[in-house]
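What Swiss-Prot records for 21-57, 335-348, 849-861, 986-995, 1036-1047, 1104-1128 is compositional bias 'Low complexity'. Taken from Swiss-Prot, the feature compositional bias 'Polar residues' covers 70-91, 307-325, 968-977, 1004-1033. According to Swiss-Prot, the domain 'PAS 1' annotation covers 381-452. According to Swiss-Prot, the feature domain 'PAC 1' maps to 469-508. The annotation domain 'PAS 2' is assigned in Swiss-Prot to 574-644 on the grounds of sequence analysis. For 650-691, the entry in Swiss-Prot reads domain 'PAC 2'. Taken from Swiss-Prot, the feature domain 'PAS 3' applies to 693-763, supported by sequence analysis. Marked as S-4a-FMN cysteine by Swiss-Prot on the basis of similarity to another entry: Cys428. What Swiss-Prot lists as region 'Disordered' is 1-91, 307-355, 849-872, 918-952, 966-1047, 1060-1167. What Swiss-Prot lists as zinc finger is 934-959.
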Amino acid sequence: MNNNYYGSPLSPEELQHQMHQHQQQQQQQQQQQQQQQQQQQQQQQQQQQQHQHQQQQKTNQHRNAGMMNTPPTTNQGNSTIHASDVTMSGGSDSLDEIIQQNLDEMHRRRSVPQPYGGQTRRLSMFDYANPNDGFSDYQLDNMSGNYGDMTGGMGMSGHSSPYAGQNIMAMSDHSGGYSHMSPNVMGNMMTYPNLNMYHSPPIENPYSSAGLDTIRTDFSMDMNMDSGSVSAASVHPTPGLNKQDDEMMTMEQGFGGGDDANASHQAQQNMGGLTPAMTPAMTPAMTPGVSNFAQGMATPVSQDAASTPATTFQSPSLSATTQTIRIGPPPPPSVTNAPTPAPFTSTPSGGGASQTKSIYSKSGFDMLRALWYVASRKDPKLKLGAVDMSCAFVVCDVTLNDCPIIYVSDNFQNLTGYSRHEIVGRNCRFLQAPDGNVEAGTKREFVENNAVYTLKKTIAEGQEIQQSLINYRKGGKPFLNLLTMIPIPWDTEEIRYFIGFQIDLVECPDAIIGQEGNGPMQVNYTHSDIGQYIWTPPTQKQLEPADGQTLGVDDVSTLLQQCNSKGVASDWHKQSWDKMLLENADDVVHVLSLKGLFLYLSPACKKVLEYDASDLVGTSLSSICHPSDIVPVTRELKEAQQHTPVNIVFRIRRKNSGYTWFESHGTLFNEQGKGRKCIILVGRKRPVFALHRKDLELNGGIGDSEIWTKVSTSGMFLFVSSNVRSLLDLLPENLQGTSMQDLMRKESRAEFGRTIEKARKGKIASCKHEVQNKRGQVLQAYTTFYPGDGGEGQRPTFLLAQTKLLKASSRTLAPATVTVKNMSPGGVPLSPMKGIQTDSDSNTLMGGMSKSGSSDSTGAMVSARSSAGPGQDAALDADNIFDELKTTRCTSWQYELRQMEKVNRMLAEELAQLLSNKKKRKRRKGGGNMVRDCANCHTRNTPEWRRGPSGNRDLCNSCGLRWAKQTGRVSPRTSSRGGNGDSMSKKSNSPSHSSPLHREVGNDSPSTTTATKNSPSLRGSSTTAPGTITTDSGPAVASSASGTGSTTIATSANSAASTVNALGPPATGPSGGSPAQHLPPHLQGTHLNAQAMQRVHQHKQHQQHQQQHQQQHQQQHQQQHQQLQQHQFNPPQSQPLLEGGSGFRGSGMEMTSIREEMGEHQQGLSV
């Protein structure tokens, strides 16, 4: 036997099988022993008769010697005396009693196996008269000790020969073999290390481990109770005993090595000199039928009666090493309260964790240990029935991400049709769909969703569960699976693995053993023979060498293995490599002549175009090209030049599936020396834009202030519309190839990632996020993703993104004193103008395709995939906005593009004419006698009108410069028209002409304040007056009266919208109310602080006091205006729809003249 063998625990099935064999062997041995006993009994009877005969002869001799002088008697008297002598000598005992006495003596003598010398051993211990009897002095009295004084002088001469017996310790019940032996004798018997029977002091191993045979893995101890044998993985050799009896132990006593080896152990068999520290300590009783061995024969054994059937061994010879082995067989099915066994832990002398090498397991997973944990788990709620390696089961690791499968049985592969390589590493949910693709967290379509949820919830709680549900084999064939999930620990007390047992209840209806009420079913998961389910894929005609496929799979694999990028390849390898790429490419590599004839097609033609290469070679491209695309395609081929790329997009007719968009990209090749020219192209199917009109209208339609982009499914820009220049001040070509997340802040990227994940699945998804323009300003945006090339619910190859810039009031800015709830008019998006498109929009709709017929690599109406989705044709036939891209349209896309450009140009001209007519009507209607004056100093002559606190040009040049310096915004501007500067306002960089966000962020402080002193002008006013009011939409002016005198501020109608002096007409009459009720519309609903509210109230009282003075000077102003009107031009018109403007009632000027505003306001304000 091999002394270095490290065995592993056997499965319960194997243990039961071995135990059954051992029992059969024991029965055979018992029969042999009975035969031997019968022979021995016969010999004993003969010896008994001889002994009686000898005693009779001796008695007769003594009698004859004492009766020499006595007269002889009759033969009858002699016969009577002989009979009495026989009776006195025990001749009256029956044969059964004699046999029982011999058996008892034999059991008592052999309770402690030991070698004997060569002298004759008499089977009867009552042969006291024999002088050669070595047991004549055997003491039958009760023992007074435990042989503590026994020394090495105990006679054990001779050699012990090895016995080849079975490694089974079969001990019977205590009442069977020791019925006639005193209990005191049994209690004081000398303990042997391998006899786990009764209380005994510890004893050290008297044998050295060197030279001893190791105990085999099937070594077990049978206590004849209710459990089977146990395997033990011995780490060190263990000598055994091999003397066999009916009800005695059976151990191997062969030390191996012959007489020399036995002689070397003879000196170690002395039982004396044992110290208490080396004696084994054993617990009161053994848990039924379990005893494990490791380290050596005499290792101390300790076992707790209340613990699991596992034994801990520790070798006394290894002082610095502690090894704990806890293994044991599972309890019988009737035992349900056995605790889960502790894991196997081993610490070698080096201190590190030992790693057991997997010699026999290819997967490296200890399945026997896992099944043992299943059988010996704590408080089992499900009865599995019989389990062996023929079951279909998998093992999942719950500590890894998504609980992947780490082990799969052979019958599970046969049951599902999937191979081991297709199963390991995946979650078990792949069986819940016919195609094997099921995403986590999604609603199940082919399986009962509630059953799956219950299964998931129970597994998350770490509980056992039995669930029947529909699963699908490879290829989509369903079967009714009865699934049982059992959690088991491993190295710690926590749950590590889940073992799932499966069985097809339709094919194996007899597997259900029984069911207790409405509880779980007891199932026999074992299979006698299960046929392998083999999935047969749809038959497809394989490419033959005639189609150009000359390299087989083995050749391609060899080339890939021999590929070395650093080394120098030979010409043969280069040619083979090029040939491999050509024949295995997904794209159709084709060669065309200048006239459009096919000269070569790669084998991918069969997959993409459904034609065999031989069917198209020699034919013209026009035979499979759409009739409307023949002219532009032929023109592109004839105009091809060397070193110039050729890119043609046209509709090609497939053999069975109709027309599809096809793009070919290549160049002209000129063969040197022969003058032959051809065009080498690489073509692939290209899905085009497909967007339903109803989907677009449900999400807000098309507006002006929005950006349309084509993005990949990962969020990378493939094409950007041209209006990104005016909205974000960025160039489209700089954005192409970058990610949309680069324009966002980190806070918005997480939500954006979740939204694009939904869009990747074919759903229309929207999210609100933030974008940054070129200056780094943060703008609020709202992006909606549409499936680019198919309907909703189908996985697209690219996405269409509609990004709308939101209103200024929703932007994130620094806090101000007054928070305006109402949205600023400048941030309201314009109403969409349906049917109006510009030239840039037309290029956007066509995906950036150039007018000459070619397209950009990132902006063409192409995607990153090689084939369109299953719904491409259906999406194009539906209510598609891109109706011009239908494959069945009778015109070419170049013609449609030219027509669209023409229509857009006509619409733009018509729009310009309408706007011009609107300006003329406003100018004719607004012709009045009002003359513009400065809102601060009231001057009417100035070289340029500048912007003031209201955002309008209501300040003269000097006052406007002071205001700009005070607020830190100096706008250098030259005027080409004296007195009127509004003509340059459209191209101005003034904060009022920029976006409201620019005006707000441009402020150095959270609020912009303006103070007015007692003087009628703003000269020298550099401090901030108390009572300042600030809004998110722009600065405001606060005025205060301090000291003596009065402050007079005469404002025109242009400044009445944002200054406090023009907050509204005085409340005259019973409907008067709080000052907040008379705020202009753009300040309605605002929250003013207490100081500002008090200042407004004081201002209204001041207005009522000065109303009388205003009425007196009103006539004088009118006369002066009439006189000046004859010498000056009409005041310039305000810019229509001024972005961010805050004119009267919070709106822009909207091409309304100053006189109209004055007419609505009825009167100016002066103090």
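Every residue gets a Cβ built from N, Cα and C, even glycine.
Across all of the zinc finger (934-959), the predicted model scores a mean pLDDT of 88. In the three-state DSSP scheme, the residue listed as 'S-4a-FMN cysteine' is classed as helix. Shown for the domain 'PAC 2' (650-691): DSSP residue counts in helix, strand and coil, namely 0 helix, 25 strand, 17 coil. According to DSSP, the domain 'PAS 3' (693-763) comprises 34 helix, 12 strand, 25 coil.
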